[in-house]
Amino acid sequence: MWFIFSILTAVAWGAANLFYKKGSDPSDKYSHLKIVTMVGFVMGIHAISYMFIKGVSFDPFDMIRYFPVSFMYILSMTIGYIGLRYIELSIAAPVQNSSGAVSALLLFIFFPREMSVIEISGMIIVTAGVIGLAVLEKQADTAALQASNQVVDKKYQIGVLAITFPILYSLIDGLGTFADGIYLDELKLISEDSALLAYEFTFLIAAILSFLYLKLVKKEKFVIFKERDKGFAAILETTGQFFYVFAMAGNAIIAAPLIAAHGIFSVILSRVFLKEVLSARQYIMIAIVMLGIILLGITEGG
């Protein structure tokens, strides 16, 4: 069953990326806060359900203890949501998924150990792919601006800044993953259940604050139950997390690279539903990044 759970996780997270993109309106400067609100509310519901179903008790102080990790995760996701307004999902998803290379590098620096050829190769491949994607994105932006007889899509008008969002996501999420390793493994500062609940309840608080800010301060028209795309994204994000646990428990060494490749599903779905078109060179760079992610997933599983 672990293989089925792995595929379900990858499909759920890949589909979530699609709905994140669909729910990100370039003309709505608060779309990222609306997504944060939706995801936070769903995670809060999941956390409460998890407590009752699993019979797990929760100490509110765990939210303070685990806050540095929660903060980096939530910040990285918010930055990712902003970036989806300005860059094609096919590029954003693989770049963001390279955060594993960041956490691997930090763990190697602060907790040294011997690295295999596959590990080193994976990190180099991912880094090269990310740089390649950034260069190609800038070239595409320049070419579009020079085509005076064409209307430039708004999401390409930011250029270098557009690719900066997923890169920032990768770095901050990598720091969060690194901190998570310290909390849960190296120093064992908190249990897995407590960390999960602390993170989801912190996200719920962020959602409530975002909602109040939008409604009371900015007077934004935001009806939660009418935000279908954002709602589906939040549900799929949580669904993927549910299947992820069973997949990793069943056969982590193979499940890890399969799940890490969920960006491939994002690419396929964005081709079909968002009608995004990429050049052959961009396809090659995406493939390179995904190859590196898979290699790192294999070594991490080992």
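Each Cβ is built from the backbone N, Cα and C atoms, and glycine gets one as well.
Quick look at what TrEMBL lists:
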- 2-133: domain 'EamA' (DOMAIN)
- 200-296: domain 'EamA' (DOMAIN)
- 30-53: transmembrane segment (TRANSMEM)
- 65-84: transmembrane segment (TRANSMEM)
- 117-136: transmembrane segment (TRANSMEM)
- 156-184: transmembrane segment (TRANSMEM)
- 196-214: transmembrane segment (TRANSMEM)
- 242-268: transmembrane segment (TRANSMEM)
- 280-299: transmembrane segment (TRANSMEM)
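As a summary of secondary structure, the domain 'EamA' (2-133) carries 105 helix, 0 strand, 27 coil according to DSSP. Here the domain 'EamA' (200-296) has a mean pLDDT of 79 out of 100.
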